[in-house]
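Engineer: As listed in TrEMBL for this protein:
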COMPBIAS  281-295  compositional bias 'Polar residues'
COMPBIAS  304-314  compositional bias 'Low complexity'
COMPBIAS  327-336  compositional bias 'Acidic residues'
REGION    273-336  region 'Disordered'
TRANSMEM  238-262  transmembrane segment
TRANSMEM  374-394  transmembrane segment
TRANSMEM  428-446  transmembrane segment
TRANSMEM  474-495  transmembrane segment
TRANSMEM  501-520  transmembrane segment
TRANSMEM  532-551  transmembrane segment
TRANSMEM  557-579  transmembrane segment
TRANSMEM  617-636  transmembrane segment
TRANSMEM  642-663  transmembrane segment
TRANSMEM  675-695  transmembrane segment
TRANSMEM  726-745  transmembrane segment
Amino acid sequence: QVDAVRVYVNSSSENLQYPVLFVVRQQKGVLSWQVPLIFRGLYQRTYNYQEVSRTLCPSESTPETGPSDQIIFVDVSSMAPFDIAYELLVTRLENFQLETNKAFNFTASPSQPQYFLYKFPQEVDSVVIKVVSDAVYPCSVVSVQDIVCPVYDLDHNVEFNGVYQSMTKQAAITVQRKDFPGEQFFVVFVIKPEDYACGGSVPSSIHGNVNRTWNLQRTKNLQVTIVPSIKKSVYVQAMFFSFLSFLSFYLGSVVVAFVHYIRVRRKASAGRLSPEDGSRVMTSSHPITASTPEGSSYGAIDESSSSGGRQLSSPERRPPAGSDTDSSVEEESDFDTMPEIESDKNVIRTKVFLYLSDLSRKDRRIVSKKYKIYFWNIITIAVFYALPVIQLVITYQTVVNVTGNQDICYYNFLCAHPLGVLSAFNNVLSNVGHMLLGFLFLLIVLRRDILHRRAMEMKDVYTLDYGIPKHFGLFYAMGIALMMEGVLSACYHVCPNYSNFQFDTSFMYMIAGLCMLKLYQTRHPDINASAYSAYASFAVVICLAVLGVVFGKNDMWFWVIFSMIHVFASLALSTQIYYMGRFKIGKCYLGIFRRAAMVLYTDCIQQCSRPMYMDRMVLLIVGNLVNWSFAIFGLVYRPRDFASYILGIFICNLLLYLAFYIIMKLRSSEKLLPIPLFCIVATAVVWAAALYFFFQTLSSWEETPAESREKNRPCILLGFFDDHDVWHFLSAAALFFSFLVLLTLDDDLDTVRRDKIPVF
């Protein structure tokens with residue numbers, strides 16, 4: 001049993017020039033204070049208290065000496081030239097030692113801090129200290145300190161030793177036995193004289209006697225409960241669950257690939273293999289056009305009048321499929337390889353009805369090399385981005401471990417399980433799904449790429465003009481982006497805070513942008529954006545996101561400028577899409593508005609019955625309305641989470657474009673095969689579940705650490721993972737299914753001539 005003594009003093013003197021000094025001398029230390037006790041706040045504001053209560057450093061009986069009496073000397077002095085009355089009371093604490101799984105209630109104030117002793121029970125290696133209060137204010141600090149005298153239990157020195165958190169309504173600190181050789185520690189509770197550190201009002205900077213406050217009532221009722229943390233076996237179960245859950249996707253992919261292989265073998269034995277199966281040679285007399293649905297002609301003019309279709313059907317204009325070149329000029333340029341294409345591509349791309357053959361006229365090798373730049377560039381970006389990120393988060397974690405300041409990182413402290421140097425290993429582990437599924441997607445794309453190359457080597461030249469052109473560079477880039485999202489999200493959750501939020505969102509922007517580019521590239525392979533311009537645009541978006549977080553909270557000027565940029569970018573992109581890349585803004589950027597006005601006049605007023613490009617016009621009108629709505633919403637409400645606001649813009653545009661694509665695909669009498677249909681359903685279901693957990697806010701670096709801890713919640717999965725970890729799991733699966741949708745959506749067109757596939 002540990003005995004502790006508490007000393008209470010009170011003096012009626014308000015003379016700050018002659019305070020009463022109290023010095024308590026013990027066997028192992030000296031504790032001193034004055035009355036009135038002075039606390040200092042912002043702007044030199046002072047808070048004076050005439051009642052002070054302190055707990056003396058306890059002594060513990062040892063087996064060698066046994067119980068013994070303590071001798072305590074209390075010296076009271078003052079330099080005042082007059083008598084000062086004071087009151088001194090020494091009491092023995094009855095409940096100084098906290099017990100496991102037993103709640104204890106007490107009261108504390110700035111001048112009357114409290115601390116208690118806790119000893120680790122046998123077979124308990126880690127505990128969680130949970131502190132709750134019904135009142136938000138006054139702001140308080142919870143500290144865990146080693147058994148060393150003196151105990152730092154005042155506002156100005158509580159941060160000198162141990163681990164500490166600021167607190168409003170709840171706090172939680174995980175303590176491990178290995179960190180305390182004596183297998184015991186003090187839990188210290190300090191009430192701060194001001195509330196600004198916990199998000200309360202900041203005192204005004206006024207001067208004079210008003211800056212001095214006497215005996216401010218700042219009492220707080222607290223309840224502390226110490227419960228055992230999870231055992232090592234739970235860590236093992238959680239790691240097995242994380243890896244096995246996503247390795248099951250590998251097993252499912254192997255099963256699908258095996259079924260596909262069996263079907264190909266059966267078709268080969270039956271002699272009716274389709275061109276994309278790539279196991280036998282097709283001749284030019286393959287009756288593939290006879291099986292084309294009549295509706296897929298899209299109501300267009302006969303292709304005999306299209307020079308593009310005939311040119312592509314000519315074998316002598318196509319180089320051998322196996323021939324390739326390593327010319328850097330060809331790899332990086334955007335020119336057309338056919339001599340006459342510059343003279344007629346402007347005419348072809350402005351036809352009322354476009355077909356895939358009109359927009360896939362460039363040499364396949366050149367276009368493939370162009371899209372491979374996406375893959376190599378994103379690898380370069382990932383390496384240069386990830387290395388300093390890893391160094392920075394290691395520094396953050398080291399600072400947290402060395403200083404003990406748990407206000408640096410915004411964890412869900414009610415479900416933060418440490419491992420090694422990591423304070424919240426569960427938040428890092430839950431990102432393994434992005435890396436595993438990203439790698440699996442790369443393997444699936446690689447398999448398709450290999451099969452396509454084999455098919456190209458075995459086919460007749462004429463059969464190269466069937467189906468969607470297969471360019472896998474963007475798919476490879478998407479797989480790398482998914483893996484890097486897992487890496488950077490894990491880095492962010494090593495120490496989530498205001499300074500490194502962009503680590504968790506940068507590759508989310510890139511994933512959404514790459515998906516939109518891939519969807520557009522599917523039927524516009526010749527006019528899609530280059531890798532350099534695409535990644536430069538992503539860099540601009542990331543810069544805007546950083547500026548929005550820094551300046552977007554209260555600065556109206558930022559939102560005005562951002563909304564103007566948003567609207568202008570929407571108009572510029574709409575014009576480029578409407579004219580299939582043949583519109584040039586020119587030297588005067590204001591010309592785009594004149595061009596947009598001309599389009600509205602010619603297509604909506606002069607030809608009010610029907611615009612020249614109806615489908616594109618409908619998509620762009622809806623898209624602009626959505627983006628302008630986002631701009632107006634941001635201008636009016638100025639959301640605090642600017643990073644999520646930008647991500648919402650990207651996701652809404654991606655979903656809008658994907659919905660338009662699928663609707664137009666079905667409208668053109670094209671089919672959805674079982675695999676893409678399953679992926680679409682799985683994507684919708686998993687995304688709905690993932691977003692539910694995403695909006696379960698467990699912390700927020702937009703608020704103070706104490707306010708963020710009010711949102712903390714216990715674990716919900718295996719006693720190890722919280723809601724945000726489940727979001728990590730589900731979002732990884734949802735992104736994987738989304739990628740599969742883009743990969744398999746047009747598999748039904750592998751047996752359709754490109755001059756029969758409409759562009760939309």
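Using the three backbone atoms N, Cα and C, a Cβ is placed for every residue, glycine included.
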Engineer: Look at every Cβ pair spanning the transmembrane segment (374-394) and the transmembrane segment (501-520), keep those 6 or more apart in sequence, and say whether at least 3 of them are under 8 Å.
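Structural biologist: Contact between the transmembrane segment (501-520) and the transmembrane segment (374-394): present, because at least 3 Cβ pairs are under 8 Å.
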Engineer: Between the transmembrane segment (474-495) and the transmembrane segment (642-663), are there three or more C-beta pairs closer than 8 Å, counting only pairs 6 or more apart along the chain?
Structural biologist: no
Engineer: Quickly jot the same-chain residues contacting the transmembrane segment (428-446) by Cβ under 8 Å, restricted to those at least six beyond its ends, or write none.
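Structural biologist: Result: 238-239, 242-243, 245-247, 249-250, 253, 422, 472, 475-476, 478-487, 489-490, 493-494, 721, 724-726, 728-729, 731-733, 735-736, 739-740, 743.
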